[in-house]
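Undergrad: So that we are looking at the same thing, I have put the structure below in structure tokens.
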Amino acid sequence: MAKLRQCAIYGKGGIGKSTTTQNLVAALAESGKKVMIVGCDPKADSTRLILHSKAQTTVMHLAAEAGSVEDLELEDVLSVGFGGIKCVESGGPEPGVGCAGRGVITAINFLEEEGAYDEDLDFVFYDVLGDVVCGGFAMPIRENKAQEIYIVCSGEMMAMYAANNIAKGIVKYANSGGVRLAGLICNSRNTDREDELIMALAGRLGTTMIHFVPRDNAVQHAEIRRMTMVEYDPKHKQADEYRQLANKIVNNTNFVIPTPIEMEELEELLMEFGIMEAEDESIVGQTAAELAAAAA
């Protein structure tokens, strides 16, 4: 019996973590792997493409209705979707009330106590909110739940900045546990020299770009139908991209403690690839009118 592999997907908010996670998990299931997704985001959008639903009812919502999480059964919170994929959404409190990360802690503890991590599973994927690596959202790595961390990024500066910050969070917890950075997944935004840039960033962080996922509108067409590419159009080339990503994760053994870089080094990298121009200190603090007058 192969050891259960627990993987967490982090990345900048809006980078496409949930879409990427669900598409690669669908490809894993298609290949015969037994997988569970645990959504760690109050938006509860981590399982919608697997379940063909708007949003799965969350552990926190069900616990509030029942009185407490102790009043729930595993079948209350766990749904099974495409390819036999098990789906759970942790959820969180109403916006502005309480700690959303608490839902992650509550959900994972409940799943463990109820035996959700059974011996038939090959993979568990935690789809984690944005680029937060503190508090409850760090639960998958802080408590040694997830051993493999994949960071979804793109060639945009803020996505790379978030990836570097997440790497810093991994270092903090890696020193006291087994969590490791397993690679960068580039979810393309069609920026200039994007694949080269992310490979260079991966090198600085001491890891690799495990896969470059090209941008394709077919993904949005599938999402409108609440489906993954593997299910929506299995012969499409984009479905093959997710199969390649899934296969690379299956065979991945490159798990490292990352080497995050300073902001100045990140900016130098962006300038090296022509994404960012060198800063001219002489124009700092000048209005458009002042700059125009100086140029006249």
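Note that Cβ sites are derived from N, Cα and C of the backbone, with glycine treated the same way.
Features from Swiss-Prot:
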type    : residues                                               : note
BINDING : Gly11, Lys12, Gly13, Gly14, Ile15, Gly16, Lys17, Ser18 : ATP binding site
BINDING : Cys99, Cys134                                          : [4Fe-4S] cluster binding site
MOD_RES : Arg102                                                 : ADP-ribosylarginine
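Walk me through where these features lie, including what they touch and how far apart they are.
TA: Shown in sequence order, Gly39, Asp41, Asp45, Ser46, Asp127 are the residues of the chain, 6+ apart in sequence, with a C-beta less than 8 angstroms from the C-beta of Ser18 (ATP binding site).
Mapped onto three states, the DSSP output places Arg102 (ADP-ribosylarginine) in helix.
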Undergrad: Quick one: pull the CA-CA distance for Gly14 (ATP binding site) versus Arg102 (ADP-ribosylarginine), whole Å only.
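TA: Here the two Cα atoms lie 22 Å apart.
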Undergrad: Tell me the Cα distance separating Arg102 (ADP-ribosylarginine) from Gly11 (ATP binding site), rounded to the nearest angstrom.
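TA: Taking the Cα atoms only, Gly11 (ATP binding site) lies 20 Å from Arg102 (ADP-ribosylarginine).
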Undergrad: Please report the Cα separation of Ile15 (ATP binding site) and Arg102 (ADP-ribosylarginine) in Å, rounded to an integer.
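TA: On Cα coordinates alone, these residues lie 23 Å apart.
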Undergrad: Taking the Cβ of Gly16 (ATP binding site) as the reference point, list residues of the same chain whose Cβ is under 8 angstroms away and which are at least six residues distant in sequence.
TA: Val152, Asn187
